[in-house]
Amino acid sequence: MAKYIMSFSQKTSNDKNMTDKKPELSDAMKKKLEPRKFTKNPILGTKFTIAVSSAKGGVGKSTFATNLALALKQIGCKVGLLDADIYGPSIPKMFDINEKPKSDGQTLTPITKYDIQCMSIGFLADQQTPMIWRGPMVTSAIKTFTQKVGWKDLDFIIVDMPPGTGDTQLTFSQEIKMDGAIIVSTPQEVALLDVKRGIKMFDKLGVKILGLVDNMSYFTGDDGKKYKIFGEGGVKRTAEEFEKEFLGEIPINPEVGKCGDEGKPIVEANPEHEISKIYLDFARKIKSTYL
Ligand SMILES: Nc1ncnc2c1ncn2[C@@H]1O[C@H](COP(=O)(O)OP(=O)(O)OP(=O)(O)O)[C@@H](O)[C@H]1O
Ligand SMILES: [Mg+2]
């Protein structure tokens, strides 16, 4: 046994080859260490891609995205709706879609409902099946939805973003040509904290922020009084702080939630409703910015 144990002090035949000089990196290694450059691919079949984001969960992103898509359609645009929320897709429920998209082995065909071309991971998996996926799988799904879906002749694709500042936001910002992001928030301080992080993320990644929307800004009681349940003016102040446009307010209205739950968002179910008119105003603003 002892003959296999060599003392550390004992010199070996390799020692004369050892040097203090750092080895030169090979060209291939140098290339690997360079900061990665991303190419931003446009989503084929659409003119403009607009994300509805927030970073904060549950502030009404999906409600806003679905109603904005329908409002844009109502003012004559051709619209697609891409549910980018892999872990918590909402479009199947909010648009009451229960069918699976067809595929020719290369391309997935979006499902058209209310004249909107839609795609969601929820169309491919059972509604109650959780997507237990690591980040790279999410990135891969996003790439499929943006590059391998047969979106056709669209003016706008509205992307319903998940909460947070993670893989999905990063993939969209770095690898997909995004024309703008709308930030939705409630006026509550705890929501705004996340929203500020979301704004900084898009700024850092060079995505243009079209503006901020104050959702659930107040509730009008039977007495006609406005109740500012989540505080007042926080979203507008945040917009000013970050030098972004303040796009406007949407009050709390139980009809909004009810229509979403029934699979026919308020703009489609009741275009004359006062809330639908607010979404139509947002849509006109977006249309005039781009078309
Ligand atoms: N203006 C509003 N008035 C009343 N209810 C609203 C309004 N906006 C959104 N809601 C309700 O708030 C809840 C959260 O909305 P939504 O699912 O759109 O949020 P989200 O930001 O997409 O959430 P997540 O982060 O989980 O994706 C839903 O029940 C929705 O119906
Ligand atoms: Mg959502």
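The chain as shown is numbered from 1 upward.
Just so it is clear, glycine is given a Cβ too, placed from its N, Cα and C backbone atoms.
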- [ ] Can you dig out which of the ranges 1-30, 31-60, 91-120 TrEMBL describes as region 'Disordered'?
- [x] 1-30
Task: Residues among the binding-site residues ALA55, GLY57, VAL59, GLY60 that border ligand 2 - Cβ under 6 angstroms, in sequence order - done: none
Open item on the list: With Cβ-Cβ distance below 8 Å and at least 6 positions apart along the chain, what are the contacts of LYS61 (ATP binding site)? List them in sequence order.
Closed with: VAL52, SER53, SER54, ASP160, MET161, PRO163, VAL184
TODO: For each of the binding-site residues (GLY58, GLY60), count the other CB atoms lying within 10 A of its CB, then report the residue with the highest count.
DONE: GLY60
Open item on the list: Out of ALA55, LYS56, VAL59, which binding-site residues have CB atoms lying under 6 Å from ligand 1?
Closed with: VAL59
Open item on the list: List every residue in the same chain as ALA55 (ATP binding site), at least 6 positions away in sequence, whose Cβ is under 8 Å from its Cβ.
Closed with: PRO163, GLY164, THR165, ASP194, VAL195, ARG197, GLY198, MET201
